[in-house]
Amino acid sequence: MTQEIAVLSTKPEMAVESPAVRKVFVKTYGCQMNVYDSDRMTDALAKDGYVSTDVIEDADLVLLNTCHIREKAAEKVYSALGRLRDLKKKKASEGREMMIGVAGCVAQAEGDEILRRAPAVDLVIGPQTYHRLPEALKRVQRGERVLETDYAVEDKFEHLPAPDKAKTRARGVTAFLTVQEGCDKFCTFCVVPYTRGSEVSRPVAQIVAEAQKLVDAGVREITLLGQNVNAWHGAGPDDEKWGLGELLHRLTKIEGLARLRYTTSHPRDMDDSLIAAHRDLKQLMPYLHLPIQSGSNRILKAMNRRHTTAEYIALIARIKAARPDLALSGDFIVGFPGETDEDFEDTLRLVETVGYAQAFSFKYSTRPGTPGADLEDQVPEDVKAKRLERLQALLLSQQNAFAQACIGKTIDLLLEKPGRMPGQLIGRSPWLQSVNVDAKSSQIGDIVSVRITGAGPNSLFAEVVS
Ligand code: SAH
Ligand code: SF4
Ligand code: F3S
């Protein structure tokens, strides 16, 4: 995902007036936290006169914000770096300099290797040190190759500037807000505890201030982010212990904030107050991403998920009792080491039992440095591929059935952005589906009542009801 288009004046006198304008092209891979981070890095650079561009050839700085979760994700970075090396050479022959920076989880995990394998890279910066980016670039301009991957002792969020009003508005009426970073769960397949470090929660006041700023700039829906968002904890005004449920309560007090979501949550951290928030807060959307990864207790144990399928099913029953219209989403991994046909059948059975409105599924990818990489009994690629195909067919049929069941319903739709056809807008249903509807662009940011009239493969169609 690239950043928003730079709004640059083409007037020649402007170029003379602001010779310091430099352009940054940011390419974001991976999860929503990287999307949030890319915006924060762009904001940090704005202070030094950088504006975003979506034309890579125009960029003075190209930043790749990378993901290390699966092998394919990491490989993408090296092939992108190959292309960038050629572009850098071409631009140098035209007398223009282009800096290349690698940020994100690959930077954190393989910083030294990036510098070794990709000599064109000027800067490697890990997710915990983004607030040092402007300073690091100055060092690059002095001729250094910079590796900045130590965990910072200071709170980066306190040093990262919040976006200004105009920028926030340009980014739209929905926004991400990271409230928690890192993970202490150490699932045996996962790199996140190593790339993002241990669990840290941002303080309540910092989160509320950022949310208020977003809302003041016109944001209507905020999605709270964390690798383990429901492990968030903090202190309330009288120093009482707060969990995510209490934080959500506090955020609903912000006038004009119409919708709240959070992702990604771990089943072990769904506490009573968070479940009650689903019952009590009308702003909290009835949609929950609650991954289980496998339907086999044997595999869950080997993955170190530390709960059983029965506990997961019972938990979902409790959440649905609190919020009956709640739709579920999940993540699955097929072919974890030692997964037998029987284990995989258990996963299919679990999916049948739970029923997902949406889900993401992946072939297990061996990640260096994780305990899973050392396990014997790695599952052959062709077996993983066949299992993934079967699982995805089942999940897709559930997704389609969920969409079909929406037809005829009247729902609230948050109008987000122009649609593909003139006169059309795209909005989000409470269950995170894209919905196309005829509406005026002046209505962006409004929540309107619509009746669902049809369902396509990736989105719904609706008409406004008066
Ligand atoms: N914190 C979240 C997951 C974050 S990673 C949780 O605990 O559920 C996002 C998803 O990527 C995971 O849910 C998992 O399905 C997938 N994933 C992580 N590591 C993987 C690996 N080594 N191979 C394949 N998929 C993986
Ligand atoms: Fe990775 Fe999520 Fe497990 Fe943490 S809880 S180790 S982020 S899969
Ligand atoms: Fe990828 Fe890092 Fe997110 S590994 S999924 S970008 S936390």
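A Cβ is built for glycine as well, from the same backbone N, Cα and C atoms used for every other residue.
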If TrEMBL gives C67, C105 as binding [4Fe-4S] cluster 1, which of C31, C183 does it give for that site as well?
C31
Go through the binding-site residues C67, C105, C190 and pull out the ones with a Cβ less than 6 angstroms from some atom of ligand 1.
C190
Within 8 Å of the centroid of the Cβ atoms of C31, C67, C105, which other residues of that chain place their own Cβ, given that this set defines the recorded [4Fe-4S] cluster 1 site?
Y29, G30, M33, N34, T66, H68, I69, A73, G104, T195
With a radius of 8 angstroms around the mean position of the C-beta atoms of C183, C187, C190, what other residues of the same chain does the [4Fe-4S] cluster 2 site pick up?
K185, F186, F189, V191, V192, P193, Q227
Quick one: among the binding-site residues C105, C187, C190, which has the most Cβ atoms sitting within 10 Å of its own Cβ?
C105
Among C31, C67, C183 [binding-site residues], residue with fewest other Cβ within 10 Å:
C31
Sorry to bug you, but what's the C-alpha spacing from C105 ([4Fe-4S] cluster 1 binding site) to C187 ([4Fe-4S] cluster 2 binding site), rounded to the closest Å?
17
